[in-house]
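*Asks:* Please read through the structure below; I'll follow up with questions.
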Amino acid sequence: DIPGFHSSQNNRIKTSKYNILTFLPVNLFEQFQRVANAYFLFLLILQLIPEISSLSWFTTIVPLMVVFTITAVKDVTDDCRTWWCILELFCILYEPFINPFTALRDDRIYLTSLFFSQADLLLLSSSEPHGLCYIETAELDGETNLKVRQALPVTSELGADIRRLAEFDGGVVCEPPNNKLDKFTGVLFWKDNRYSLNNEQMLLRGCVLRNTGWCFGMVIFAGPDTKLMQNSGRTKFKRTSIDRLMNALVLWIFGFLVCMGIILAIGNSIWEQQVGAHFRIYLYWSEVVNSSVFSGFLTFWSYIIILNSVVPISLYVSVEVIRLGHSYFINWDRKMYYPKKDIPAEVRTTTLNEELGQVEYIFSDKTGTITQNIMTFNKCSINGKTYGKSKTVPVDFSFNPLADRKFQFYDHSLIESIKLGDSMVHEFFRLLSLCHTVMSEEKNAGELIYQVQSPDEGALVTAARNFGFIFKSRTPETITVEEMGKLVTYQLLAILDFNNIRKRMSVIVQTPDGQIKLYCKGADTVLFERLHPSNEELMYLTSDHLEEFAGEGLRTLALAYKSLTEEHFKEWFKILQEENTSLDNRNEHLAAAYEEIEKDMMLLGATAVEDKLQEGVTETIASLSLANIKIWVLTGDKQETAMNIGYSCHMLTDTMNEIFIVTGHTVMELQNQHSDREYFVLQAHALEADLENEFVEVACMCQTVICCRVTPCQKAQVVELVKKHRKAVTLAIGDGANDISMIKSAHIGIGISGEEGMQAVLASDYSFAQFRYLKRLLFVHGRWSYFRMCKFLCYFFYKNFSFTLVHFWFGFFCGFSAQTVYDQWFITLFNIVYASLPVLAMGLFDQDVNDQNSMDYAKLYEPGQLNLLFNKHTFFICIAHGVYTSFALFFIPYGAFYNTAGEDGKHIADYQSFAVTVATSLVIVVSVQIALDTSYWTAINRFFVLGSIAVYFAILFAMHSDGIFVIFPNHFPFVGESIT
């Protein structure tokens, strides 16, 4: 809790599901949400009714308690892991201090450097000039680069004056609590004035104060209302195709159980009417049942109890144990560990492992996923002239003491143009040094360090730095640039932010001589529309250069500027301030204001930065294609850039047919473009609603699809379309926040721990550091998981039917009396002791080929895609095998004992001998069967198979001993009967 904070919502956060008092009831409630558990509870209740139960209650409650205990231990372990992670985080952050918070009055909070904000705060003042504050948001979005926040000028004057801060009586009207980390809309009312508030003044819960001595803040949201907690909702539950099939099969098995119960109940009614009526008087009933129909009704429920093991009570918990084991194998795989950044592979969702062996479509982001997302300034076009050559002798930047030594450029004519004072070239690099969100930091040795929010910005600012336009520092009102050795301070009048809709960023600055200029950089498609008509010729020339750059796989931006009169700017700025303080549709109003000023601009040129492919991408894509996996690249880049990357990684080859580009805006146009192609390039407008069916039909005919100019929302839309129309397993992989919707939409989402932070990783089901690890994840872990799970399920159903249906056959020889073949302790222990560990070992360790062969022979992956190893057909084969085995287990001993006499002439066949013979045969048969089914023997498999047989005989001899009968005569009647 925050001392002194009084609100309808306190700051207490509950991050765990359970506590000591609520664990048992809450966990039991959750477990009974599963239909199978509720069903077995119902059976347990039936077993407590002596008129219908021939089994003791412990035959059901012992397996049920084992399942509940294992599940409860798993749940409480997960809950404790979450609690310990949070405790460890707090210990790390708070170790040097005792109490980081000091209440001033009500909601005023004092925060010191290296501390973790525990509420969403409005920054009031800080130790830095102009109310600046530096924060790290790794706990919010995974990004470790520093971000800057700035207090309003009117509140930054409060400084550290405790009296003035305590008397601060401003009020805030803002948006309701929500989960948007990058947006905040509010208005501060203080001293009869309104001040616009946005995300730049907010310190969100979870951020850490860095490079700032102290700051004061006002609590806006606390506790569950904070944006961090609003984002902590449960991730959408994903289920595998095997899960869905198992649920259907369990319902079928239950129907089969009911049918068997009805058959045996009808048999009981007939037998009771014709034969049993003469013997009812000898039964130990408190009240004789004279109705054969009612007897059949009671027998139905008795057989439902006896035959209940065909509905596997331990199936779901066994599946979860196997999936957990497979997840640890992925986490422990050293061949998926990236030593450069100390990043191992991580399973974030344990329920999807076997689905990794069934993937048919992969949707991949480009930048940072198949490329490195490490940008280098490669070429540029300035005033209709291109600069940048292939690697020869690099430009000597020794004239610039602040140049980045890692930066290399190979066109000497550009540096000559700068030295000759070309005004357009100077204006070009001046724009790059001013239009950005980079923060600078100067080390003790005079080294200049840039904190960048995107690699693109870093590459462009570094290029300007090396060519003599060095961004030095910034304050809320100024930007200081060293231009060819001369310090120039610009007044920063306005920043027009970049977003995915605008696709551009602008700044408005005032030069020292009083000129007001707007500098803009952005996508050529949006910027060219806003140029002055006089730029038409230059625009076409620059457009040709952009196509040339994109053809080389370079990422491009267009640059433009505009001179503003003071009157025009003041008039526009007044409108901007009004829109900034509005609460309703502020973003839309601001966008309209930005549009008003960003028009009739003058074109400067364009930049081209290179983003190289990651190591192993080409080989990985080739192998995935051989496995009949269709790879789609979804990117916001230009068509030419996307195609060039496609050729670079061999997704596209010269041997393919002529390229098919979807440019139609209507169904008719798209149909006219239809032809047989091996690949095509899609433009975003093909995703319009009336084109969806045509798009999917054409795209799915191709081996490779590249979607360019797509937004994050459209990436998810493409995935949903394929899921809807193809019913195939989809996998999405990306590294940035713009990939989250795609990752969440796919059946399997994979996050790359790259240069864009950890947001994609936090939303993913699996994560690793390099695209090339995808091959091992699918071909080894995915294929093995699918193979093992299918073998486990086939054997599990076979085992249970072999065990249970013996009772069905026995019913025809015991007057349909619901008498069991086995003794009750064998029924209790069979699935949890005698036959549980061998099948778990097979589900965890079995493999048909080793990992290297799985990687080398891509065609081995296809059985999972075709769902060959476990489907309805194989299920019925397993059931038929189990029925046949149960038939043999019953009738072979029955025939062997039938009318057989010993040497003394007496019958050797009695109930106990027959039951032990059938039970022993069952244990041996299912053990031999799993030995035949096992493809890969380990010491663990051998121990479990042989150990299960040994444990069975040890318990058999113990339970049939005189000693245990003397101690528990009611629970072990076999020995007593044979003695008497």
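Note that Cβ sites are derived from N, Cα and C of the backbone, with glycine treated the same way.
Below, the features straight out of TrEMBL:
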- 10-61: domain 'P-type ATPase N-terminal' (DOMAIN)
- 55-73: transmembrane segment (TRANSMEM)
- 248-271: transmembrane segment (TRANSMEM)
- 291-317: transmembrane segment (TRANSMEM)
- D365, K366, T367, E457, F498, K521, R555, T635, G636, D637, R709, K715, N738, D739: ATP binding site (BINDING)
- D365: active site, 4-aspartylphosphate intermediate (ACT_SITE)
- D365, T367, D735, D739: Mg(2+) binding site (BINDING)
- 761-962: domain 'P-type ATPase C-terminal' (DOMAIN)
- 792-813: transmembrane segment (TRANSMEM)
- 825-845: transmembrane segment (TRANSMEM)
- 875-894: transmembrane segment (TRANSMEM)
- 914-932: transmembrane segment (TRANSMEM)
- 944-968: transmembrane segment (TRANSMEM)
*Asks:* Ranking 248-271, 792-813, 825-845, 914-932 by the number of C-beta pairs under 8 Å to the transmembrane segment (944-968), which range is first?
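*Replies:* It is 825-845, which has the most Cβ pairs under 8 Å.
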*Asks:* In angstrom units, rounded to an integer, how far apart are the Cα atoms of F498 (ATP binding site) and D739 (Mg(2+) binding site)?
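*Replies:* Counting only the Cα atoms, the answer is 18 Å.
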*Asks:* Is the count of Cβ pairs under 8 Å between the transmembrane segment (875-894) and the transmembrane segment (291-317), pairs 6 or more apart in sequence, 3 or more?
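*Replies:* The transmembrane segment (291-317) and the transmembrane segment (875-894): touching, no.
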*Asks:* Express the predicted model's confidence over the domain 'P-type ATPase C-terminal' (761-962) as a mean pLDDT, rounded to an integer.
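*Replies:* A mean pLDDT of 91 is what the predicted model shows over the domain 'P-type ATPase C-terminal' (761-962).
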*Asks:* I need the least crowded one of these binding-site residues (R555, R709), counting other C-beta atoms within 10 angstroms of each C-beta.
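*Replies:* Sparsest of the binding-site residues R555, R709 by Cβ contacts within 10 Å: R709.
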*Asks:* With Cβ-Cβ distances below 8 Å as the criterion, list the same-chain residues six or more beyond the ends of the transmembrane segment (914-932) that contact it, or say none.
*Replies:* 795, 798-799, 802-803, 806, 821-823, 826, 830, 834-835, 838-839, 842, 885, 889-890, 892-894, 896-897, 945, 948-949, 952, 956, 960, 974
*Asks:* So which binding-site residues out of D365, T367, G636, R709 end up within 10 angstroms of D735 (Mg(2+) binding site), measuring C-alpha to C-alpha?
*Replies:* D365, T367
*Asks:* Using C-alpha atoms, which one of the binding-site residues D365, R555, G636, R709 comes nearest to D739 (Mg(2+) binding site)?
*Replies:* D365
*Asks:* Which residues of the same chain, at least 6 positions away in sequence, have a Cβ lying under 8 Å from the Cβ of T367 (ATP binding site)?
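*Replies:* Sequence-distant Cβ neighbours: N373, R555, D611, T635, D637, D735, G736.
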*Asks:* Including all protein chains shown, what's the count of other C-beta atoms within 10 A of the C-beta of D365 (ATP binding site)?
*Replies:* 29
